[in-house]
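Undergrad: One structure, pasted below without further comment.
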Amino acid sequence: MKLLARALRLCEFVRHESSRRLVAGQGCVEPRRGCCAPIQAVGPRADLPPSGACTTGRIMRPDDANVAGNVHGGTILKMIEEAGAIISTRHCNSQNGERCVAALARVERTDFLSPMCIGEVAHVSAEITYTSKHSVEVQVNVLSENILTGAKKLTNKATLWYVPLSLKNVDKVLEVPPVVYSRQEQEEEGRKRYEAQKLERMETKWRNGDIVQPVLNPEPNTVSYSQSSLIHLVGPSDCTLHGFVHGGVTMKLMDEVAGIVAARHCKTNIVTASVDAINFHDKIRKGFVITISGRMTFTSNKSMEIEVLVDADPVVDSSQKRYRAASAFFTYVSLSQEGRSLPVPQLVPETEDEKKRFEEGKGRYLQMKAKRQGQAEPQP
C-alpha cells in the first residue's frame, strides 16, 4: 500500500506538471482547449449494431512501468490493440457466415496526451466508426483513473484499421458487415480516411527496404551510437487463433526498442510522446524469429524521432525468405526525475542516408507542429 500511495502521489505531481507542459515531443506549451475534454462519441454510435462499442480496463502494475513509475507506451498500445481486436472481430462475426478473426493492418498517429502511473486504472473504450468492403476503422480512447481520488484524464486517442481473415483460410479476406450511419457525411468522411490510409500504406511498404547495420566504436550522439535491436522468438502466447502474432505484441516490442534508443541517446528517463502511423505489411507466424531494429532519425530541442523496423525470419522454412513485417516512427521526450521535460542532445548525422532521413524527420516534425498550432488557435 505504501508503494501504491507513493506512486499515486508521484503521478499527481507529474500530472500537475503536464498541465503546464505538453510532453508531446516539441517542448512546453500552454494547455489547449479540449485536450483533456470528456470523451465524446465518435461516428454513428447510436445507429451501430450491438458490436459497435467495447470497454476494457485493468490496474497498472509495477511491471507495466519504467523505473520512474510511468507506464510504458508499449503497454498502452497493446491494450489499445486488444480492445480494437475485440470489437472488430465481434462486428465481423455479427452476421451468419464464415467465421473470422480481425487482424490489425494499420494504426494511425497516436499521441500520448498525459502520463499514466503505477496504481492507476486504465479504461479503454473502442467503437467502430467506418467500414469498407474488407476493412474496419476503430476509434479507441484511453482514460486513466486515480482510484484514491476518482480523478480521470484522457491519456490516448487512436484510430486502428482491421481486416477480417477467415478461420479456415488465413489468406482469405472476408467481407465486413456494413454499419448504418446517422448522417451521409459520416460515411463520406470515413471513405476519405480509408483511401488516404490505403495509399500511405502502399507508399510506406515500397520504401522500407533498408536494414539497420551495426557499427564498431561509434561516436556519441551519432545514429550508430544509439541504434538498437531486439531478437524475439514468436511463441504461442504471442499469437491469435490463427497462429499469427497479435498486433499489440508487435507494437509493445517496437516501443521497447525505441525506448532503448532514446535512453541511450540522452541517458535520462524517457517517455513515449507519440507514435506515427504503424503499418503492418505482412503477417508473422508462430515459430518465426523477429528482429526489431530502431535508429534515431531526427532530434528537435525537446524531442527525438526513432524509426523502428520489424523483420521476420522463417528459420524453420527454407522456402521463405526474411521479410519486412512492420514499420513506424516513435517520438520520445526526455524527463527529469521531477517529470519536467529536458533538452535533448542534438543528433549528428554522418552518412548521406542519415542526413536524408534527418531532413525527412524534420519535415514531419514541422508539419505536426504547424498542425498543432492551427488546432490551438481560437475558433471565431
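Every residue, even glycine, has its Cβ placed from backbone N, Cα and C.
Note: TrEMBL annotation is automatic and uncurated.
TrEMBL feature annotations, pasted as is:
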type	residues	note
DOMAIN	50-168	domain 'HotDog ACOT-type'
ACT_SITE	ASN66	active site
DOMAIN	224-338	domain 'HotDog ACOT-type'
ACT_SITE	ASP255	active site
REGION	344-380	region 'Disordered'
COMPBIAS	353-363	compositional bias 'Basic and acidic residues'
Undergrad: Give the sequence-ordered list of residues that share a chain with ASP255 (active site), lie 6 or more positions from it, and have CB atoms under 8 Å from its CB.
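TA: Listed in sequence order, they are HIS72, GLY73, GLY74, LEU77, THR272, VAL275, PHE330.
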Undergrad: Name the residues of the same chain, 6+ apart in sequence, whose Cβ is under 8 Å from the Cβ of ASN66 (active site)?
TA: HIS72, GLY259, ASN269, VAL271
Undergrad: On the DSSP side of things, how many residues of the region 'Disordered' (344-380) fall into helix, strand and coil, could you say?
TA: 25 helix, 1 strand, 11 coil
Undergrad: Summarise the domain 'HotDog ACOT-type' (50-168) by DSSP state, stating how many residues are helix, strand and coil.
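TA: Per DSSP, the residues of the domain 'HotDog ACOT-type' (50-168) fall into 26 helix, 58 strand, 35 coil.
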Undergrad: In the predicted model, what is the mean pLDDT computed over the domain 'HotDog ACOT-type' (224-338)?
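TA: Computed over the domain 'HotDog ACOT-type' (224-338), the mean pLDDT is 93 on the 0 to 100 scale.
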